[in-house]
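A.B. asks: Can you read through this structure? Questions will come right after.
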């Protein structure tokens, strides 16, 4: 889901450029949409409400982005030290890399919108250019993250449902190939956007100089190509990935409860010593089919990651559904300001999820915790304090 760049090149000859305005976003809005569709109300939000909410969201998302950049940088460093012998480490590393990149792209978009708000006289139209160099890539990358999370959840489902066959189904090489395929299918199509939009140098009479801006390519092929890519990559893929994560998480929770009940019943039976030899043999064979406690901890960690993803991805799903159902809820419609605010709220979810994941890894993965403590020298600091005491 993304906000398109200018649909009509109003950079030259526009009356709005020849007069000053009290609205800092006025110049950007005149460039972004057809002026005949721009109204003061612009769909539920007044100028003042829009500016207050938009600025708050810019600063809020940037604070979270900073946390996500630091957290995922540490995640990547820890997983590299752990190695990639286990498929789960490959998936979690890919997830951390995507979360890190997404936070960087959002930081770039925030910077450009902040520059737009404060009317910096730059050699490029910061809002429009940022959409083609960060906003669109962010939208596709969020879909990539959704599919990686879906793959991780599905892999853990297989570990519980077919524990004796999962090592043959999920291999190190297969997982690496799966991550590459997910990235190629979900993120690389973002560069096809340049079929529909292109960068041009245009003269801006307001600044009295030539600046870099974006204009649409209005050929039938480009328009049709954009509609198909938005429908498939912007709506269908994210909602499908979210559905897979939701279903797999529910299955994992149900199976974990069954495993917990089974362990309690076996422990109780052994303590009371009332099992017959047949029951003991049955319990032993059942235990072999069950996942190990180590695998169970990993499953619980995946459930926690998936749950946080689901909670933070709900605004994205709601925005996508409104985009599909309501014709005017888009970047050119009557409710474009509401759409922009919803898109920024939608962008809060993924950095939050990426920032919180490091806490889950540290709490639930002993190997990660051990390497992390060595990496940031927590163990050495603790040892030095003991020596001083």
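Using N, Cα and C of the backbone, Cβ positions are placed for all residues, glycine too.
Since the structure is predicted, the reported quantities are computational estimates derived from the model, not experimental observations.
So TrEMBL has the following annotated:
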- 52-80: transmembrane segment (TRANSMEM)
- 71-361: domain 'G-protein coupled receptors family 1 profile' (DOMAIN)
- 92-116: transmembrane segment (TRANSMEM)
- 136-164: transmembrane segment (TRANSMEM)
- 176-197: transmembrane segment (TRANSMEM)
- 228-254: transmembrane segment (TRANSMEM)
- 298-326: transmembrane segment (TRANSMEM)
- 338-362: transmembrane segment (TRANSMEM)
A.B. asks: For the transmembrane segment (228-254), which recorded stretch in the set 52-80, 136-164, 176-197, 298-326 gives the largest number of Cβ pairs separated by under 8 Å?
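C.D. replies: Result: 136-164.
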A.B. asks: What parts of the chain pack near the transmembrane segment (92-116), using Cβ distances under 8 Å and only residues at least 6 beyond its ends?
C.D. replies: 24-25, 27-28, 54, 58, 61-62, 65-66, 68-69, 72-73, 75-76, 79-80, 84, 122, 126-127, 129-131, 133-135, 137-138, 141-142, 144-145, 148-149, 152, 179, 182-183, 347, 350-351, 353-354, 357, 361
A.B. asks: Please give the sequence-distant neighbours of the transmembrane segment (176-197): residues at least 6 beyond its ends with Cβ less than 8 Å from one of its Cβ atoms.
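C.D. replies: Contacts with the transmembrane segment (176-197): 4-5, 84, 90-91, 94, 98, 132, 136-137, 139-141, 143-144, 147-148, 151, 214-217, 221-223, 225-226, 229, 233, 237.
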A.B. asks: Averaged over the domain 'G-protein coupled receptors family 1 profile' (71-361), what pLDDT does the predicted model reach?
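C.D. replies: Over the domain 'G-protein coupled receptors family 1 profile' (71-361), the predicted model scores a mean pLDDT of 82.
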